[in-house]
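Features reported for this protein in TrEMBL:
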DOMAIN    26-70  domain 'Homeobox'
DNA_BIND  28-71  DNA-binding region
DOMAIN    73-274  domain 'TLC'
TRANSMEM  82-102  transmembrane segment
TRANSMEM  122-141  transmembrane segment
TRANSMEM  148-167  transmembrane segment
TRANSMEM  206-225  transmembrane segment
TRANSMEM  245-266  transmembrane segment
REGION    282-326  region 'Disordered'
COMPBIAS  300-314  compositional bias 'Polar residues'
Amino acid sequence: FIAKPCAINLGIQDSGPHRAQPNAILEKVFTSITKYPDGRRLEGLSKQLDWDVRKIQRWFRHRRNQDKPTTLTKFCESMWRFTFYLSIFFYGIRFLWTAPWFWDTRQCWYNYPFQPLTSRLYYYYILELAFYWSLMFSQFTDIKRKDFLIMFVHHLATIGLITFSYMNNMVRVGTLVLCLHDASDFLLEAAKLANYAKYQRLCDAFFMLFGVVFIVTRLGIYPFWILNTTLFESWELIGPYPSWWLFNGLLVTLQLLHIIWSYLIIRTASKALVRGKVSKDDRSDVESSSEEEDVTSNSTKGIFSTSSNGSNRLNGHVAGGQWTGE
């Protein structure tokens, strides 16, 4: 009701990728046998249809792409995530600004585990948990991107941390982790929205800002502020309790994911600086292959580009070939 009218006003059309040419034989192979035919099957289809192998490869690529969501659908999804991330981040900042453990992390462990659970803290936790459960379920119905496994592990670790910290009343340090992770996510969604709307300069600016905030928070503040208090200050103040190992194991797993994503962001930024613009998304949900590409055909422009300068779409949580991602 909100995102779709906004997208239409920005000129985003509800049109999908180039549709494959109707062909009963290829459609039967696609739906009943395989969506990714090997060389042997391609040769057989080529003889059966009297088509060039490259033409059949393009047909299968277009057929796979035509089932993908349109730019309008992606815009609506990104706008929903942008709204949530921005709202929950400001809610967290407003809540934590008056919390003593926000300024002194040792307060997370004083009088533990006998620490009160206020209503504001409770709602903060429940909202975050509900949202990440929704991401966990929707990942199986959304487009399968190259970092599917990484995102799956991330959602599992996040849900595990939120649930585990709530059950063990580690909610104080938990709020710090949640707020820190929300600090950069809404910037990525803003970059994706700008890209879908073909505002390339704004997209680039948002992604650069996202990259800086992500690296500062995930590789700087997170290990030296969060991991420092969970690994060392908690050990000093309350000792190595039985669940200490599991809790910190999940937090360290998140840090490993941060390192992987930071590498992808830096690689994306370096490629874009060399080229002077965003050119390709390593996590793109729309396929393209130089091996299958017919350089004489212009039909693919409508599939792989959402901006006038030929830049690709921004998708997912973090990308490795253009300004991107969730």
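Cβ coordinates are placed from backbone N, Cα and C, and glycine is handled just like the others.
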Treating G and I as helix alongside H, and B as strand alongside E, what does DSSP give for the DNA-binding region (28-71) in helix, strand and coil?
30 helix, 0 strand, 14 coil
Beyond the flanks of the transmembrane segment (122-141) by at least 6 residues, Cβ under 8 Å:
84, 88, 91-92, 95, 148, 151-152, 155-156, 158-159, 162-163, 166, 171, 174-175, 178, 326
Beyond the flanks of the transmembrane segment (245-266) by at least 6 residues, Cβ under 8 Å:
150, 153-154, 157-158, 160-161, 164-165, 168, 170, 177, 210-211, 214-215, 218-219, 222-223, 226-227, 230-231, 282, 317-320
If we skip the immediate neighbours and take only residues 6+ beyond the ends of the transmembrane segment (148-167), which ones have a Cβ under 8 Å from one of its Cβ atoms?
125, 128-129, 132-133, 135-136, 139, 173-174, 177-178, 181, 243, 246-247, 250-251, 253-254, 257, 260-261, 316-317
